[in-house]
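To start, the structure itself, in structure tokens.
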Amino acid sequence: MMALWPLLHLTFLGFSITWPLVHGQGFQETAAVWPSLFNVSLSQKTQESIQIPNNGSAPLLVDVQVFVSNVFNVDILRYTMSSMLLLKLSWLDTRLAWNTSAHPRHAVTLPWDSLWTPRLTILEALWVDWRDHSPQVRVDQDGHVKLNLALTTETNCNFELLHFPRDHSNCSLSFYALSNTVMELEFQTHAVNEIVSVKREYVVYDLKTQVPPQQLVPCFQVKMSLKNTALKSIIALLVPAEALLLADVCGGLLPLRAIERIGYKVTLLLGYLVFHSSLVQALPSSSSCNPLLIYYFTILLLLLFLSTMETVLLAGLLARSSLGAKSSPSPAPRGEQQEHGNPGPHPEESPRGVKGSQRSWPETADRIFFLVYVVGVLCSQFIFAGIWMWAACKSGPAPGEAAPHGRRPRP
């Protein structure tokens, strides 16, 4: 009761004492400038209210309700995401309770820095924008304190992109109270998903909170599970790649003697090289668990390269054999010269037999390669589908996750 008197005097007399909110990862502590009409004992009582409430042998329990209203700007290339949150904190400070019979007011509103409040820092944050730079604290007659904090932040997230673009990732926001210890402060958390819009690439399908064990600093975590809708990536990446592979298979139906076949194959290969170069920039890279699509598109590039090289080599061999046959024609047998007067062909000399005897060995090898190539392409598709369904990869823990936050540095 005595600790609340200076705060009640400030509220009832209408003095405005506010301090700025930090523009970074936590709150900035500034010195309070009290009016000259208060004496030194009044200032000392006020300073007592700024200290963390003493809960005896047990730590002070702070209830935290986390409301997530939006998740946007999910960037898998930078491994970052932005989110909008509302934190509702409440705790009991018996020093601020008063008797309503003497003072009929049931609640008062005070500047947040005129009494003790948890100073929170987001460990994964690149930047934090606290929406209200002068939040107000509500104190009830029984000493219950309530504080609402609205913020927008951009944080790092270790996306699991093995099955990109059908990936599922868990992103964490770790809130630490670095100015207190676990013997003084403890958090009790709840989470509410208030995201109502689903028209986005990544959707939050699960939201949880937890208090990590064995920590030297009081903290709580907000874990968001993100799911990729994959429509944009499927249209932009998978459809063009499969279309080029199908066009390459159909190009094998062209005769080896056709001049257009080499140009057709080379054009497909060059087009896929351009597509592959832009694809490398669009897909993320990681030290572990790279997307399976990177290996898949590399295998497609090798298949197209192999098909083009086969066409060029066999077409060159066919051209050499044709030039050799024209330069050294075989003389006709004498038996055939004597039978020139007989116009009737032999029964076994049918046009079909003549046509079949004209197929050279490069064309035969090309036909065999085409059949083997089609079987190989089909098998590669089924093998990749099986790997996609059954493959699993979990990134190893970061070096800082093996020990609790705030440990002593190694010598």
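Yeah, the Cβs are placed from backbone N, Cα and C, and that goes for glycine too.
Just so you know, TrEMBL annotations never went through curation; they're auto-generated.
Listed in TrEMBL:
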SIGNAL    1-24  signal peptide
DOMAIN    51-199  domain 'Neurotransmitter-gated ion-channel ligand-binding'
TRANSMEM  234-254  transmembrane segment
DOMAIN    255-324  domain 'Neurotransmitter-gated ion-channel transmembrane'
TRANSMEM  266-283  transmembrane segment
TRANSMEM  295-319  transmembrane segment
REGION    328-359  region 'Disordered'
TRANSMEM  368-391  transmembrane segment
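Counting only same-chain residues 6+ beyond the ends of the transmembrane segment (295-319), those with a CB under 8 A from a CB of the stretch are 237, 241, 244-245, 248, 251-252, 256-257, 261-262, 265-266, 268-269, 272-273, 276, 279, 360, 362-363, 365-366, 369, 373, 376-377, 380, 384. Residue counts of the domain 'Neurotransmitter-gated ion-channel transmembrane' (255-324) by helix, strand and coil are 56 helix, 0 strand, 14 coil (DSSP-based). Computed over the domain 'Neurotransmitter-gated ion-channel ligand-binding' (51-199), the whole-number mean pLDDT of the model equals 92.
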